[in-house]
Amino acid sequence: MRISITGKICFILLIIFSLVLTSTTLNQAFRERELVLQLGAEHVSSLLQTYSNGLDLITNDHQPERLEQYQQSLMKQKYVLKTKWIQAQSSDKFGPVNNATLPADQQEKLSLQGQQIQQTISHNGQTKIVAIMPYYQPDSSDAGAKPVAAIRLEYSLDKQLDQVEQHILISAIMLSAIFSGVLLMTLSITRKHIVLRLQKLRQAIDDVADFDDVSTRLPIVHNDEIDQLNESFNQLMEHLSVTSSDNK
């Protein structure tokens, strides 16, 4: 199967574009995802610190009934999926223990021992940050003090990651549009300056072979490789013309 020069150039450009598009898309996806995770983690840390400061005020005012209201206000924050007050023992400042405040898993139990946890979880197409921070008495100054409770916060990253996908799609479309323009321009230049000139050279050779027309001459304009072929063809025709005249 014969493949034209234009087809070969097009095939090479397609391979190059595919490699560039793939590497660019993967790099952009990685960088933007890492940025979303970093900003999300920073925002979660800020929310937890704000939550802790608000709890200090509730503790100092001895108003445990405000705890649930405060949690509800935090739930109104953008992208916050869930908040939980974790408490294993009853307290005068925070009220009695109930099923809603008991630690539900090993991580929550570890947080009550002073371990701070923050991790990113992806499950069923959803991505979120789960952070659990131990909470200490505001008046506690002992370095070995144990936390009286813990704060759990779940923060959704789905919206931000969807925006990342949209950015990547837009970038891919823009790159494809630019490549299409470059490809069309390249094919046009290739056809005009290479393919058509080679076709003229081939036609001239066919005329000589079929009709013994040694008067055919090709123009030399750009002095490039194809013009060098044309010049060689013209020299051959001059030689054949002289030889033909001598024979006559």
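Placement of Cβ uses the backbone N, Cα and C atoms for every residue, glycine included.
Curation does not apply to TrEMBL; its annotations are automatic.
Just so it is clear, the model here is predicted, and its values are computed rather than measured.
The domain 'HAMP' feature in TrEMBL is assigned to 192-245. Averaged across the domain 'HAMP' (192-245), pLDDT in this predicted model comes to 83.
Among the features that TrEMBL reports, transmembrane segment is placed at 168-190.
Residue counts for the domain 'HAMP' (192-245) by DSSP state, with H, G and I taken as helix and E and B as strand, are 41 helix, 0 strand, 13 coil.
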